[in-house]
């Protein structure tokens, strides 16, 4: 059996704060890593592959000239307690004629967690041994391998990647938290472990050590749906879920539903037949994304990317930039994708000012529906020349063509410093609208951010009246 080298429990695998318990892994024979091959010729039963064993490859259905997906589960996870590995395998094979290998390390990925963490290094070495063997003995290109790991399985993928030259891609589904926060990149998955590394964070925290995954950036591109900490629709205690998924899997999901929801997000994109892509937007924080402060997909589209299976479509463009965080909304039910819109409202700077507060409402009108947007649930200060931004979403793209705008005025002094764009006349409050820009986030290379530009009239807009506007460009030279 080919050698996998030696392992140490010392630094950087030991850290007095973040890794106070560092164990040596068990013997590789006890870890007993197994590689289960599925192809379109054997979708319902697996074939064992073994590194160094040429007949195990020749006598299998392994395809030498196509891509290979390697699925690696995490802690206390295997095909006896979870359906997701089989479901993901079926999704890949339904989409494309390829090799799917499920890594089974059931014997040593359980309690205690510290021991499973140590054993993950051996499993990663075994995965690398298989990939390198296939390259050396059969000429299989390492770039054709895509490893998908969940939780602790993502770290297995990282350990494999550091031993493989030019590994194609690693997808990290909610990278492990305990023992992997604030540690050396030698210990955890990082962008150097593959030509392209993408991650989806679902139940993460860098402060709450009880959470199973980490918020820390892991790849060339990290997606944080709904902020990466809590996911809509969790938990799902419906009786039909127990029947469909099984008692053990549903019971687990009730406890760590957010942690497993990222698997659902990824699988919903293999392939995506729903006409909607989950588009993440580059931003420095979830709070700034929600506030609409990150609005530009950039001319080359590098500020927007598709979460999931197609995350690598723009990898060459993405890798020209430092690793970044991408944020997006999802829905609570499959296929989870929503269409996101960035709305920017600019008020005209008239020079007139009266201390005031109020609220603004926009109705997005499209060919396939409408969406009502309240700019602020509370009264908001309305300042002359001010720009207001927000992010909203709909289940599908409504193809926005026009808007209706309404605002309400509350006439009282807020503070000495507030300047309000209201024309104080006997007729009451009036507001001057400069423009509204509605950006539909897409991942198109030719049209990364579809925009609808609406210019306000020169006359004031009275309060409590819906005013309809269509696209006009006469204000485009003075938008910002």
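Just so it is clear, glycine is given a Cβ too, placed from its N, Cα and C backbone atoms.
Because TrEMBL annotations are produced automatically, they should be read as predictions rather than curated entries.
Per TrEMBL, these features apply:
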ACT_SITE  151  active site, nucleophile
ACT_SITE  174  active site, charge relay system
ACT_SITE  259  active site, charge relay system
BINDING   188, 190, 193  Ca(2+) binding site
DOMAIN    4-336  domain 'Lipase'
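Feature annotations (TrEMBL) mapped to structure.
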residue : record              : contacts (Cβ under 8 Å, 6+ apart)
188     : Ca(2+) binding site : 155, 158, 175, 176, 180, 218
190     : Ca(2+) binding site : 158, 197, 218, 219
193     : Ca(2+) binding site : 157, 158, 160, 161, 162, 167, 170
Residue 174 (active site, charge relay system) and residue 259 (active site, charge relay system), Cα-Cα, nearest whole angstrom: 6
Of 151, 174, 259 (the active-site residues), the residue whose Cβ has the fewest other Cβ atoms within 10 Å: 259
Length of the line joining the Cα atoms of residue 174 (active site, charge relay system) and residue 151 (active site, nucleophile), in Å: 5
Reported mean pLDDT - the domain 'Lipase' (4-336): 89
